[in-house]
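Copied over from Swiss-Prot:
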- CYS77, CYS82, CYS118, CYS122: [2Fe-2S] cluster binding site (BINDING)
Amino acid sequence: MTMREEIEAAAARYPDRRSAIMPALMIAQKEHGHLPGPVLEEVAQILGVERVWVYELATFYTLFHTEPIGRFHLQLCDNVSCMLCGSEALLTHLETTLGIRKGETTPDGAFTLSTVECLGACEMAPVMQVGDDYHGNLDAARLDALLESFRAAERVTSVERAAAAPGE
């Protein structure tokens, strides 16, 4: 199914097509990896809504990305509960370990580091979201283990891609 068909199918579930902007953005981001201007315009055109409505949602919610992000998007909560449990020190640790600052992506494109206002998981503070998964009760050692597991997954994926490459 094409992106247009998926968006049309999602929009059919709503009485007002404006209500379908969020699911349409999710579909478009899954297809393109992020939501640059032309993709936002395409979503608005498919839904028949004002571009500003699409742009407002795409730039308000932290789950949408208008710029490319790394294969692993590390979103560290920096709200009160997580701060009280050490998220500031964990942010510094991640910046030092990865050699990037908040808002940046590693040169190899593997990791993007962000902070988010609240992940709604205060019971396991400090917490970080990576993709759809939450990782809680974090400390520097757990972060290092997580980063290594992500790097190991990257190595496996790279080997699989190389093995699947035609003519090699």
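Positions of Cβ are set from backbone N, Cα and C atoms, glycine also.
Sitting within 8 Å of the Cβ centre of CYS77, CYS82, CYS118, CYS122, and not among those site residues for [2Fe-2S] cluster, are the Cβ atoms of ASP78, ASN79, VAL80, SER81, SER87, GLU117, LEU119, GLY120, ALA121, ALA125, PRO126, VAL127.
Cβ neighbours of CYS77 ([2Fe-2S] cluster binding site) (same chain, under 8 Å, six or more residues apart in sequence): SER87, THR115, VAL116, GLU117, CYS118, LEU119, ALA121, ALA125, PRO126, VAL127, MET128, GLN129. Sequence-distant contacts (6 or more apart, same chain, Cβ under 8 Å) of CYS122 ([2Fe-2S] cluster binding site) comprise ASN79, SER81, CYS82. Of all the binding-site residues listed here (CYS82, CYS118), it is CYS118 whose C-beta has the fewest other C-beta atoms within 10 angstroms.
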